[in-house]
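S.K.: Submitted below is the structure of interest, expressed as structure tokens.
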Amino acid sequence: MHIPDGFLSPQTYLPAYALAAAAWAWAAQGLRATLDETTVPRLAMLTALAYALGLIMVPIPGGTSGHALGVAILALVFGLRASFVAYSLVLLLQSLLFGAGGITALAVNALAMGLCGAAAALGARRLLCRFGDTVSVAVAAWLSVVVPGVIVALVLGVQPLIAHQPDGSPLFFPFGPAVTLPAVLIPHLVIGAGEAVLTVLVFRYVKARNWPTC
């Protein structure tokens with residue numbers, strides 16, 4: 001799902017960076033007060049898990065890739081602010097060290113996966129908590145993959161419409177939503193199911209050890 005460099009127009013990534021900067025500033029506010037000698041190593045452990053999951057990528061037709069995220073478990077254990085900051089760092093390291101995702105696309109990737117994915121997970125968890133941990137966590141994890149997939153597909157799909165030559169030929173990503181939506185979303189419906197299973201298992205692990213959760 002990482003969008004690489006060269007796929008997004010400046011009309012897309014510059015406003016995205018402005019939005020991401022505001023989101024990062026919001027997430028950083030008060031974050032230090034929630035981190036202590038117990039929380040930090042736990043956050044580091046689950047962030048490392050998310051980092052590893054994000055490197056196991058499967059190419060998807062339409063110009064991007066598919067992979068599990070690990071952002072749902074971060075959000076369900078540490079909340080939206082901490083998970084957004086942690087996953088943004090994951091994306092930055094993956095981009096710098098392995099070229100998994102572009103620097104110009106970092107803001108879009110962070111907003112889609114780190115913010116919207118985490119928010120979708122938390123929203124689903126709270127709406128479905130009456131059905132128990134297994135159902136609510138599984139749906140939360142599934143949505144944490146599917147929602148970013150939709151966002152990434154739409155962002156890629158509008159590139160030919162907003163950045164093209166006078167003759168209409170695209171300057172950046174060449175395929176429209178008719179290609180990107182099914183190409184990205186359909187595989188991520190399946191990937192989301194795998195993410196759901198993994199997240200439920202990890203959630204049970206942390207609950208068994210009396211970690212606080214959202």
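Glycine residues also receive a Cβ, built from the backbone N, Cα and C atoms like all the rest.
In TrEMBL, annotation is done automatically, which means it is predicted and not curated.
The annotation transmembrane segment is assigned in TrEMBL to 12-31, 43-61, 68-90, 96-123, 135-158, 178-203.
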S.K.: Does the transmembrane segment (178-203) reach the transmembrane segment (12-31), going by 3 or more CB pairs under 8 Å (6 or more apart in sequence)?
M.R.: no
S.K.: So if I exclude everything within five residues of the ends of the transmembrane segment (12-31), which remaining residues of that chain have a CB under 8 angstroms from its CBs? That is, six or more out.
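M.R.: Apart from its flanks, the transmembrane segment (12-31) reaches 80-82, 84-85, 88, 104-108, 110-111, 115, 155, 158-159, 162-163.
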